[in-house]
Amino acid sequence: MPPRPLTQLTLALLKPDLTANSIKVNKVFSHIQQNDFNIVAHKTLLWSKSDAEAFYGEHRGKFFFERLCGYMTSGHFHALILEKPDAILGWRALIGPTHPPRARINAPDTLRSLYGMTDTRNSFHGSDAVDTATKEIRFFFPEFDLEKWQKDQKDQKDQQKQ
Ligand SMILES: Nc1nc2c(ncn2[C@@H]2O[C@H](COP(=O)(O)OP(=O)(O)OP(=O)(O)O)[C@@H](O)[C@H]2O)c(=O)[nH]1
Ligand SMILES: Nc1ncnc2c1ncn2[C@@H]1O[C@H](COP(=O)(O)OP(=O)(O)O)[C@@H](O)[C@H]1O
Ligand SMILES: [Mg+2]
């Protein structure tokens, strides 16, 4: 029995514009499965302005901050914990560059190219690093036992070394 590959978790969002279109949502979940991501946790939620400002605090003061918070509070959206051996980079590669208009030129097969509308309304989010993924998973899924998941991964890694 080949050892189970070690995996990584990332936080993915299907933003409100996309979530409002069930046909597109179904297509995106097919992309997720076809790209071998395991959905570890999934919820839909509606943000208050303070939720959006807290999550995107790193962008406070930038010219697009208000429109970003307005966009992210404009309707329900899906939050997912995705698992795969290289989940963080893998999901970022699948959703593509931040700005859909540019993605349609430079990365036409990515999800933001296929479904995104404008620089702000780009339909997807993905954690951009290991520590960001930990922070973002805790932000959306405080109920998820991340410590247990990380311990199980470490135990599995130790067993494979033996
Ligand atoms: N650097 C910079 N870029 C800007 C500024 N205002 C708008 N932009 C960019 O130009 C793009 C088009 O601006 P808008 O027409 O206001 O936005 P939009 O095309 O309706 O789409 P949204 O990005 O969803 O607002 C935006 O997505 C921004 O990336 C600005 O003041 N400074
Ligand atoms: N130049 C911009 N114009 C409009 N909206 C932007 C711009 N840059 C970023 N945004 C919005 O802010 C969100 C967060 O920005 P950033 O963290 O830089 O990108 P990413 O979501 O790809 O990590 C983007 O997903 C997008 O919705
Ligand atoms: Mg980012």
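Numbers run from 1 along the shown chain.
Cβ from N, Cα, C; glycine included.
Record features, source TrEMBL:
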DOMAIN    7-148  domain 'Nucleoside diphosphate kinase-like'
BINDING   Lys15, Phe64, Arg92, Thr98, Arg112, Asn122  ATP binding site
ACT_SITE  His125  active site, pros-phosphohistidine intermediate
Name the secondary structure element type, per DSSP in three states, that contains Thr98 (ATP binding site). coil
Let me know the model's mean pLDDT on the domain 'Nucleoside diphosphate kinase-like' (7-148). 98
Report, in whole Å, the straight Cα-to-Cα distance of His125 (active site, pros-phosphohistidine intermediate) from Arg112 (ATP binding site). 9
With DSSP as the reference, give the number of residues of the domain 'Nucleoside diphosphate kinase-like' (7-148) in helix, strand and coil. 70 helix, 26 strand, 46 coil
Rounded distance in angstrom between the Cα atoms of Arg92 (ATP binding site) and His125 (active site, pros-phosphohistidine intermediate): 8
Close-lying binding-site residues around ligand 2 among Arg92, Thr98, Arg112, Asn122, where CB distance stays under 6 Å: Thr98, Asn122
